[in-house]
């Protein structure tokens, strides 16, 4: 019975064996190194909220930075005009008219809070299209663009509002609809650059020039909407 008792308690036998001081020291050093290595590995990871943050110095430099392909809608020369009342020219192109998008596009500008001060629809004469796009005359696609704009009726609009030029560019989206963000007119309603539905002035100066080009004297209507006090302080 004593022999069986001794066999059933091997741990007691082993623990009773004498340990040399060198063995104990090596064992302690091994435990210390393992614990230190474990702490270093834990220190490399912060809370999950910072795991993929560029503010984390231990991780942000090791992760490859993904290039952003989002189009920059706001041009530098438009930033200073964001608090000024401006006018801009918006044109719904023949494809937008043929697809029945006129109401949809006008609604987006109205919901934004801009004031429609000019509106008409007519077939675009070739001479007018060439004058409008004269800065693109040297481009290889120029003639194709003129043919497209004159292929059917266009809807010409003049809009007024605070920062209307830059905001309109944002509403319209990037020239290439495939790069335009969802929620923009082109991002939602177009798929190809050559059929991108709508045109918008790219600067306050061009807004004035294009309104003067497409509208005759007396065709611009100045009025005060009832909602004006609720749009601006």
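Quick reminder: no glycine exception, Cβ is built from N, Cα and C everywhere.
Note that the coordinates shown come from a computational prediction; the quantities given were computed from them, not determined experimentally.
So that you can see what the record holds, here are the features copied from Swiss-Prot:
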- 1-67: transit peptide (TRANSIT)
- 93, 141, 169, 175, 186, 196: ATP binding site (BINDING)
- 199: active site, pros-phosphohistidine intermediate (ACT_SITE)
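Known features from Swiss-Prot, placed on the structure.
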residue : record                                          : Cβ within 10 Å
93      : ATP binding site                                : 22
141     : ATP binding site                                : 11
169     : ATP binding site                                : 20
175     : ATP binding site                                : 12
186     : ATP binding site                                : 25
196     : ATP binding site                                : 22
199     : active site, pros-phosphohistidine intermediate : 20
So how far apart do the ATP binders 93, 141, 169, 175, 186, 196 get, largest Cα to Cα in Å?
22
Where does residue 186 (ATP binding site) sit by DSSP, helix, strand or coil?
helix
Nearest-integer angstrom distance between the alpha carbons (Cα) of residue 93 (ATP binding site) and residue 199 (active site, pros-phosphohistidine intermediate):
7
Return one of helix, strand or coil for residue 169 (ATP binding site), based on DSSP.
helix
Rounded to the nearest angstrom, how far is the Cα of the residue listed as 'active site, pros-phosphohistidine intermediate' from the Cα of residue 186 (ATP binding site)?
10
For residue 169 (ATP binding site) and residue 199 (active site, pros-phosphohistidine intermediate), determine the Cα separation and express it in whole Å.
9
